[in-house]
Amino acid sequence: MVNGDIKPWTRLSVLSSHITPSLSISMASSEKEAALAAVPSDSPTIFDKIINKEIPSTVVFEDDKVLAFRDISPQAPTHILIIPKVKDGLSGLSKAEERHMEILGHLLYTAKLIAEQEGLDDGFRIVINDGPSGCQSVYHLHVHLLGGRQMNWPPG
């Protein structure tokens, strides 16, 4: 495709990239567009539909507090999203309050368990995007677990 042939992404089509195969457009650019188009809100998100099993996902871990599933547009051989089942005002990390300390710790500990389960013995990266400049496109706190390849620095 020539750049002029690429139609602008809508917020819905970019957000759906978390659950459906994307077109052959750079994910980095579409994620940035999604983040800039996203409106911070406490409204239900696509992740709420995944938690409620209204949208299918490939679940790799679930307990009473979190759900972890494979990202449909992986940025590494292993790319898993870990989300709290109860949003409780955590649309992003910048919204965290002292009462969220337990779930925040549980998300990170769960990431460690999943990394072990996935055989990421050589290391992995944890990413939490926050706000438009942090490239957050879904306003439901989520942890990206990336691994299976050498990560670069700086990240982006």
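Heads up, the Cβ atoms here are built off N, Cα and C, so glycines get one too.
Since the structure is predicted, the reported quantities are computational estimates derived from the model, not experimental observations.
Residues or ranges marked as active site, tele-AMP-histidine intermediate in TrEMBL: H142.
What TrEMBL records for 46-156 is domain 'HIT'.
The feature motif 'Histidine triad motif' is assigned by TrEMBL to 140-144. Mean per-residue pLDDT, taken over the motif 'Histidine triad motif' (140-144), amounts to 97.
Close to H142 (active site, tele-AMP-histidine intermediate) in the fold, though at least 6 residues off in sequence, lie F47, L81, I82, I83, I128, each with a CB less than 8 Å from its CB.
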